[in-house]
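Per Swiss-Prot, these features apply:
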BINDING   ARG20, HIS141, THR366  substrate binding site
BINDING   GLY116, TYR117, SER187, HIS215, THR243  pyridoxal 5'-phosphate binding site
MOD_RES   LYS246  N6-(pyridoxal phosphate)lysine
Amino acid sequence: MLLDHLKRAAAERDAQSLTRRRRIAHTACAPHQSVGGIDATPTPLLTFCSNDYLGLANHGSIAHALAEGAHRYGAGSGASHLVSGHSLAHAQLERELARWLAPYIPQAQALYFCTGYMANLAVLTSLGATGATLFCESLNHASLIDGARLARADVQRYPHGDAGALDALLAASTTALKLIVTDSVFSMDGDIAPLAALLEVAERHDAWIIVDDAHGFGVLGENGHGVLEHLGLRSERLIYIGTLGKAAGVAGAFVAAHETIVEHLINTARPYIYTTAAPPAVAHALLTSLEIIAGEEGRSRRAHLTGLIAQLRAGLAVLAAQAGWSLGESETAIQPLIVGDNAAALALSAALEAEGIRVGAIRPPTVPAGTARLRITLSASHSAADVARLLETIARAAPQLHKEAA
């Protein structure tokens, strides 16, 4: 019976400390947030687990633009983009995003999606259906993995960050169309893919690169244009996917690529064609977000975030060495503190929450077995005092955890 089967599966997850449960935020996304049950009095917590890297999710100007967009366009789009749901706000947003990516991708055109998951599925299923072979980085995000599976294409995986191994796979391939698929900033480790080396390999073997810059767009680069600006890359072989619900603070995602590729997606990508367009108000708000990211305020926020990252890493390095944990090789706002054991990661997360600090414990299958961790993420809305409090609280919790484990 289905219910009995599912109950056994749930019991197995519980036994392995793998059960996931949702939490309810009663206030806006911000470092200081109230969290609790739907009818219970919420608890104020200092949070280090959102992807709101620039602190724009609760920005007054963006919230005002969202309300302005709703007043102008209404609450919803009413149809898919190819029927009647493609608004002026959507078109303006796509034009601005194409302008942002034009220095890095010749003849760039942009296409807006409701979510990053949809954008990744759209690109991989549409381009993968052309008889391509997909050469996928081993630590890609789940949406890229699912997209590759749904594409029903030949898929080959290369080890994390290993351009040499990728080169060998491409050299051995006889497929006419070769697509390299990689995250830019890896979501659970925070390190950056060696895109310059990957691009050299792509050019040598007449391949194309699909880059998911979910955690780089808005954060990396002098103007916040993302990983391509950060690394100084330019090529028509780049197919860029950016997320607008993380550093940009709103919702959605986009694909930027040579106009021929984008027109192909408009006409063949099922996740784009067969869904209702996002509310135009969201696109309208994103135009304000882009102005902030590229302006002086955005530069100031990125500079502040860089300082917080250095402060956190310096403190975590000491704590990890003392506790026998490890600190990931990340220079981004994603800082993994790798504890190892699932139960230990949950216990550390719970100990922090008991002191008023919320940090998520990440366990398999999201990360490999034996690498359970606290995924600490920073926002430009955090203060140096917030980071100091986190470090002090981890320092107090660590000895007790080791005592209980002994």
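Note: Cβ is positioned from N, Cα and C throughout, glycine not excepted.
Feature map: annotations from Swiss-Prot on the structure.
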{"residue": "ARG20", "record": "substrate binding site", "Cβ within 10 Å": "9"}
{"residue": "GLY116", "record": "pyridoxal 5'-phosphate binding site", "Cβ within 10 Å": "25"}
{"residue": "TYR117", "record": "pyridoxal 5'-phosphate binding site", "Cβ within 10 Å": "19"}
{"residue": "HIS141", "record": "substrate binding site", "Cβ within 10 Å": "20"}
{"residue": "SER187", "record": "pyridoxal 5'-phosphate binding site", "Cβ within 10 Å": "22"}
{"residue": "HIS215", "record": "pyridoxal 5'-phosphate binding site", "Cβ within 10 Å": "27"}
{"residue": "THR243", "record": "pyridoxal 5'-phosphate binding site", "Cβ within 10 Å": "26"}
{"residue": "LYS246", "record": "N6-(pyridoxal phosphate)lysine", "Cβ within 10 Å": "28"}
{"residue": "THR366", "record": "substrate binding site", "Cβ within 10 Å": "15"}
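In sequence order, the binding-site residues near LYS246 (N6-(pyridoxal phosphate)lysine) (Cα within 10 Å of its Cα) are HIS215, drawn from ARG20, TYR117, HIS141, SER187, HIS215, THR366. The two recorded residues, HIS141 (substrate binding site) and TYR117 (pyridoxal 5'-phosphate binding site), show a Cα separation of 9 Å. Annotated pyridoxal 5'-phosphate site GLY116, TYR117, SER187, HIS215, THR243; additional same-chain residues within 8 Å of its Cβ mean position, judged by their own Cβ, are ASN51, HIS141, SER143, ASP212, ALA214, GLY245, LYS246, ALA253. In the three-state DSSP reading, TYR117 (pyridoxal 5'-phosphate binding site) counts as helix. DSSP classifies the residue listed as 'N6-(pyridoxal phosphate)lysine' as coil under the three-state reduction.
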